[in-house]
Amino acid sequence: MSMNFVTFNQDYSYLAVATSKGFRIFTTDPFAKSYETKEGNIAIIEMLFSTSLVALILSPRRLQITNTKRQSTICELTFPTTVLAVKLNRKRLVIVLEDQIYLYDIQTMKLLYTIETSPNPNALCALSPSSDNCYLAYPLPQKAPPSTFQPPAHAPPGTTHVTPTSGEVLIFDTLKLEAINVIEAHRSPLACITLNSDGTLIATASDKGTIIRVFSVPDGRKLYQFRRGSIPSRIYSMSFNTTSTLLCVSSSTETIHLFKLSLQSQSPDATPSSSLTAADRRSSQSSLGQLSDADDRVGDMGSSELASRKHNGTLMGMIRRTSQNVGSTFAAKVGGYLPKGVSEMWEPARDFAWIKLPKSNPGPGANGNNGPLRSVVAMSANTPQVMVVTSDGNFYVFNIDLSKGGEGTLTKQYS
């Protein structure tokens, strides 16, 4: 049996695991199995909060909505190409294909809208759990340039979009069924995006993985900018806590970073601007794009991260926290004298706390992948804890000191 897919529900109270032989659902606090079926090769599973409604991908193009309590199938849908991701909240069901996104009313399963996208093989997409701020975020589609070649009449229609070359995010209102903003988040193409539980914040990371940015939604103001490290890394998972005061980030390194969303770490340009016109917004986004270029370059050549991260929670941790405080204070003072584009190079804040994943042998639910250890992260709604699920079939719980930060402590482990 191999593990195909793993995800938390919208409030992190449940964990769902899709395998080559059925699926399992666990409560996270306490960690315990609440449902299991051993039928079917399940590619993707998504839950609707703590309800018995579960969305399953049983074959590449077939979606099944199931009621686990009644053990009945509510509906089935077949799509023209492979389903790469499924997102849902109490108002909307979102199906992500490589070059299309389908929006459904989850109450009636009526198709509301179809979005044409650029090729999106990694299914980059985020749906807000909120029923009020019901926003969808995905990479801005990039139109294909006009071709001088005239294909024969019998040829299938050519592609209308090309793979994005920059990291722009489109914000779509799934209630009004209209695009409402474009955020120029990164110079490089996007690797990961996530929305908070209220649908008021979005975190973004590019394929370089050195800089993490947080913007307000829907207006797209940049609020925070964090440095994960100076060495490029693939970002696998990002998650806000339920109060949106912390952001947890996992990557192809075995260090998980926690960033504090506080006034001290806000960007200098994070002041409200309620009277922005469309032209003003385009202008501000253009200038942000130029700053993003500088920030991403700095991300590649900035101060080197301690490769070994051999923190023992005492001397090294104290030195690290002290240097962070000095750095942020110095940047704040210098930022007042430097031009904005230059001051932002000083700005990215380091992590507030971090977690080192333990070395472990693949468990019985592992997928057998010999590549980098992939992980999905979430933060408990009730306690200062980080939950981590890894591709080798392990579930970890770490305690975090919210007052001092530093290295998290492993308290529970399940395989």
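Just so it is clear, glycine is given a Cβ too, placed from its N, Cα and C backbone atoms.
Residues 226-230 are the range that Swiss-Prot records as motif 'L/FRRG motif', among 226-230, 301-305, 371-375. For the repeat 'WD 1' (1-36), residue counts in helix, strand and coil come to 0 helix, 25 strand, 11 coil, using DSSP. Within the same chain, residues 2-3, 6-8, 11-13, 15, 17, 26, 28-29, 31, 234, 236-242, 246, 248-250, 252, 254, 256, 258, 260, 311, 313, 317, 321, 351-358, 360-362, 414-415 sit at least 6 positions outside the repeat 'WD 7' (368-408) and bring their C-beta atoms closer than 8 Å to a C-beta of that stretch.
As a summary of secondary structure, the repeat 'WD 4' (185-225) carries 0 helix, 24 strand, 17 coil according to DSSP. Summarised by DSSP class, the composition of the repeat 'WD 7' (368-408) is 0 helix, 18 strand, 23 coil. In the predicted model, the motif 'L/FRRG motif' (226-230) shows an average pLDDT of 92.
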